[in-house]
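First the structure, in the form of structure tokens, and then the observations on it.
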Amino acid sequence: MLHHMRTIINASWRYGNKCIVRQFGFSQTYSQLKGRDLLTLKNYSAEEIKYLLWVAADLKYRIKEKGEYLPLLQGKSLAMIFEKRSTRTRLSTETGFALLGGHPSFLTTQDIHLGVNESLKDTARVLSGMTDAVLARVYHQSDLEVLAEEASIPIVNGLSDDYHPIQILADYLTIQEHYGHLKGLTISWIGDGNNVLHSIMMSAAKFGMHLHIATPKGYEPNSSLTEAAKQFSKECGTKLLMTNDPLEAANGANVLVTDTWVSMGQEEEKKKRLLDFKGYQITMKTAKLAAPNWIFLHCLPRKPEEVDDEVFYCPKSLVFQEAENRKWTIMGVMVSLLTDYSPQLLRPTF
């Protein structure tokens, strides 16, 4: 990975009807990410994550607002390997990659059985000779790690049982668009200690964001990742609250977030989980404890037991803006990992 310095002048970033004013400064450092894998945000620095979001915001502005045609991925091909079903990840990746002039190829478990008909090692080497990148949606994080070790092209995590990094990038872009910054905000996660939460835990503190986590007993996030999150919080001077009380977690939060209580592969546990998560539904009672300017996010698909209609469909719910931003952030990731692109939009405030 190459690193270099880029001098820019921070001024105001106008997007739509918003004008985000920033302080003037010079010698902003960012990482050139071409050729990198994106398996987790744990090993991405704050500046690297911010750069991915910057590119996403730039592409959204230039393509959606200005109507530019940017064939940045012309001649590039992407292998999409999906062991798990998907709506938003598949659609955002296929449409986004094609919009930039690239060619995505979708492979299901009927087309490719990772590590079954062919070893992961061999699959990685075959894909490296035929495509420019791989986005894989798998059960086991270890499969992604083997692919990344053996492949000579970027491997992107489209979701695993451990992490969902591209979802969290969309969340951060949505929050930034709404508030104009991320630093100092408090995210409240109320629900299961799952892969989406793990990705928040590995990145929120790097933006200077505080994190409140409420899970039922027995559904806490991974213990080793909890320790890593505590260390990130300590290094970044942020607050990390972990509790079994959803109302305590909601107190003072700027962003209320939840997700499915029954992830893919856990269908047999549904009846037990619905009982164990009783009291964790996000309602206006929950929201009344949050900051006055709270917003609500959910990666979708949503079930009514997770959040009621009053919150889900209210003006403070940004779930559909969040869903759209899945496209722009995956486009930002692909452009960053496959090209030498430099954003034209002035760097947003984070």
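Positions of Cβ are set from backbone N, Cα and C atoms, glycine also.
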### Task
With Ser86, Thr87, Arg88, Thr89, Arg90, Arg137, Arg326 listed by Swiss-Prot as binding carbamoyl phosphate, identify the candidate in His164, His178 belonging to that site.
His164
#### Entry: Site co-member for L-ornithine according to Swiss-Prot, given Arg137, Asp259, Thr260, Trp261, Val262, Ser263, His298, Cys299, Leu300, Pro301, Arg326, out of Asn195, Asn222
Asn195
### Task
Using the centroid of the Cβ atoms of Ser86, Thr87, Arg88, Thr89, Arg90, Arg137, His164, Arg326 as reference, list every other same-chain residue with Cβ within 8 Å of it (recorded carbamoyl phosphate site), in sequence order.
Leu91, Ser92, Thr93, Gly158, Leu159, Gln167
### Task
Measure from the Cα of Pro301 (L-ornithine binding site) to the Cα of every one of the binding-site residues Arg88, Thr89, Arg90, Arg137, His164, then give the nearest.
Arg88
### Query
Three-state secondary structure of Cys299 (active site) from DSSP?
coil
### Message
Considering Cα atoms only, can you say which of Asp259, Trp261, Ser263, Cys299 is the nearest neighbour of Thr87 (carbamoyl phosphate binding site) among these recorded positions?
### Response
Cys299
### Message
If I take the alpha carbons of Arg137 (carbamoyl phosphate binding site) and Ser263 (L-ornithine binding site), what is the distance between them in whole Å?
### Response
14
## Note on the structure
Counting across all protein chains, other CB atoms within 10 angstroms of the CB of Ser263 (L-ornithine binding site) number 17
